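Q: To start, I am sharing the structure in question, which I have written as structure tokens.
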């Protein structure tokens, strides 16, 4: 995967997410976000909860809400796959083609498996945000970071081990053929020994593909990161908002809109948040890539 292609996928996904939320927000909700960005209301969970529900719908189980959560999980898994392909060239796209030809049931099973942890993660983060919105004390915002990280980690581990289970079940049902049948040995070793589990978790965290002579299997980390979407989105929203609030407090954002409507926090606050988030992620991405190459 070419680094520029992956960057375009990352930047485009982040921008589209904030733009979608902007289009679905009502004018009073948009004004509430503007007040937060200008430092007039210090409590960010209230504004983000409205943004959250504008994309995924009101709380409670519904087909549309579940479908949107599934799409978000699959997009996150795809972006993780793109990142894996950047840092380990030649292991992502080609092996997906091989899997599609030799193990379509495995590909479908892994994709379906990621839906449950992704939806659970979405519900848990929604509950944490709602709880935090009722408590305006600053110390509760620090506890949100801790609890959200813990919930995300548990959902990520669940997704990773469910992906192992899918591989084992496909093997038991004789649905795996060469050249992908060897992956069962790796999974069984990872599940049966503590050292194997820790090694597999380390490889998943760093999106390392599983490589044997002549064959590479995409990292199980793409399923580990699939449930991380709600936490990453909230983190981007919060950090981008802090940067804008700091700039607004120093007078960089005046009451009149800048020449580019892209940075107009009065009429397009979510687009402004998206632009700042894309800029921050781009700096992190290219900086990490430069450090890794060096």
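Note: Cβ is positioned from N, Cα and C throughout, glycine not excepted.
Note that TrEMBL annotation is computational and uncurated.
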Q: Identify the transmembrane segment range according to TrEMBL, selecting from 203-221, 222-240.
A: 222-240
Q: From 247-269, 270-292, which range did TrEMBL mark with transmembrane segment?
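A: Result: 270-292 is the stretch TrEMBL calls transmembrane segment.
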